[in-house]
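Taken verbatim from TrEMBL:
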REGION    1-30  region 'Disordered'
TRANSMEM  30-48  transmembrane segment
REGION    48-88  region 'Disordered'
REGION    107-136  region 'Disordered'
COMPBIAS  119-136  compositional bias 'Low complexity'
DOMAIN    192-313  domain 'L,D-TPase catalytic'
ACT_SITE  273  active site, proton donor/acceptor
ACT_SITE  289  active site, nucleophile
């Protein structure tokens, strides 16, 4: 377990109450690109995680930086893994290399839901058709890389084309997709996926499409529910105090609360994190985040790469 701590570096806060966060390099057993350092601010997750009636208010956002990816295997065909024909249960992850990433032909869920469902390939023929003409020349938005939390931008790939990638976007409304150009993008792959069953308060880890392990979880309350939909792990943070309300590790998801849109300058990002109240895991307790016992989130932080898809039902 010491190896995890050896790979962390500290980012100093901007204010006296700002929590110090540590960058954690994902270990190279599954993550591609291997060992990409990801960092997020605790304040960004606090809207969805940290203001139940018995938790402290989120601290001011600290100033953070992120390290570039370390060399590692890629999912390019030249490395023996065809991005267009991944093994069962695997997902493709895009790591744009440009600082500003233009998004084309952006599309929100037609029914106004958080979108996604359980099948990553379930989409209309038109949404899987790369943009052409004016749509291919005019970006609908630009995503910053690193993102607002200081983490390298990761995008879950929903459809692969020789020149274009249709990706899930970490924006509101949940379930929004768009296209990015294939050029200038490193591709990665993960054999993992997560399924959160809110009714049974369970998180199931799948590997190669098969159930691997199951954990009990706490979810949002009736007034601040955990949103349903298809998301992905967008970033990983390490709070300064593992005894705090977020536990030793927290993943930021690509999704947002449907109820809380702004709190303490944060946007309502949904998180997957530990807790200082393990007895409440298995109940409806949070502002929308998914809580695990600290030993369980530590295990997942060591196992799962950023980009892993998460389906919440």
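Placement of Cβ uses the backbone N, Cα and C atoms for every residue, glycine included.
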Mapped DSSP class for residue 289 (active site, nucleophile), helix or strand or coil: coil
Neighbour tally for residue 273 (active site, proton donor/acceptor), based on other Cβ positions within 10 Å of its Cβ: 29
Cα separation, the residue listed as 'active site, nucleophile' to residue 273 (active site, proton donor/acceptor) (Å, whole number): 8
Cβ neighbour count within 10 Å of residue 289 (active site, nucleophile): 32
Helix, strand and coil residues within the domain 'L,D-TPase catalytic' (192-313) as assigned by DSSP: 13 helix, 54 strand, 55 coil
